[in-house]
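Report on the structure given below.
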Amino acid sequence: MSLPMLQVALDNQTMDSAYETTRLIAEEVDIIEVGTILCVGEGVRAVRDLKALYPHKIVLADAKIADAGKILSRMCFEANADWVTVICCADINTAKGALDVAKEFNGDVQIELTGYWTWEQAQQWRDAGIQQVVYHRSRDAQAAGVAWGEADITAIKRLSDMGFKVTVTGGLALEDLPLFKGIPIHVFIAGRSIRDAESPVEAARQFKRSIAQLWG
């Protein structure tokens, strides 16, 4: 089982605040996510600028595309994104359109499982050639005190068994990682737990050490 990658989510409102994070920890992570908040605040230039600074890193545009899949994904890929996200409630043709464009750029598409979705949809994504999904505990759910539970672990295992590469996100803390041991997680996303740490560098390194211990 290969080691899960570590992704930092830049859900900053401005590039200046995003750079405060990347200057510290870009070299400690595998994937740099231009979060939805930053995508809205700064547009695709955020993707372009971060990829120019860190060409050796995977840069994800978390656009959460809901419609106009080909147009919006092309905007992201032309800005040199490696991956883009499509929201789970989008029509299957939106996901297919985004994937078609991704292939032109040797990129990839992730389905963001935020909110309601069904296993029938999951099978449609697999049939369409989608390989990646993001299992998401929403920011609002976290704020309401909703913790990771057995239902989450069961769903993640089932998605993995279907052949998906599963990314896990949603207020992920270091102490949560053992919950997922034994599952071939593709990526763990840490946002505020790294960005807002007293030492973001040490926080990122602790995540990497824990991943190596649990999956190594």
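Note: Cβ is positioned from N, Cα and C throughout, glycine not excepted.
Values in this document were obtained by computation on a predicted structure and should not be read as measured data.
Taken from Swiss-Prot, the feature substrate binding site covers ASP11, ARG192. In the three-state DSSP reading, ASP11 (substrate binding site) counts as coil.
Cβ neighbours of ASP62 (Mg(2+) binding site) (same chain, under 8 Å, six or more residues apart in sequence): ALA9, GLU33, VAL34, GLY35, THR36, CYS39, VAL84, THR85, GLU112. In the three-state DSSP reading, ASP62 (Mg(2+) binding site) counts as strand. Look at Swiss-Prot and you will find GLU33, ASP62 tagged as Mg(2+) binding site.
The site 'Transition state stabilizer' feature in Swiss-Prot is assigned to LYS64 (among others). Contacts of LYS64 (site 'Transition state stabilizer') defined by a Cβ separation under 8 A and a same-chain sequence distance of 6+ are given as THR36, THR85, VAL86, ILE87, GLU112, THR114, in order along the sequence.
Sequence annotations record features per position, and here Swiss-Prot assigns site 'Transition state stabilizer' to ASP67 (among others). Around ASP67 (site 'Transition state stabilizer'), the C-beta neighbours below 8 angstroms that are at least 6 residues distant in the chain are ALA90, ASP91, THR94.
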Enter the number of other CB atoms within 10 angstroms of the CB of ARG192 (substrate binding site).
14
With every protein chain in view, how many other Cβ atoms are within 10 Å of the Cβ of ASP11 (substrate binding site)?
21
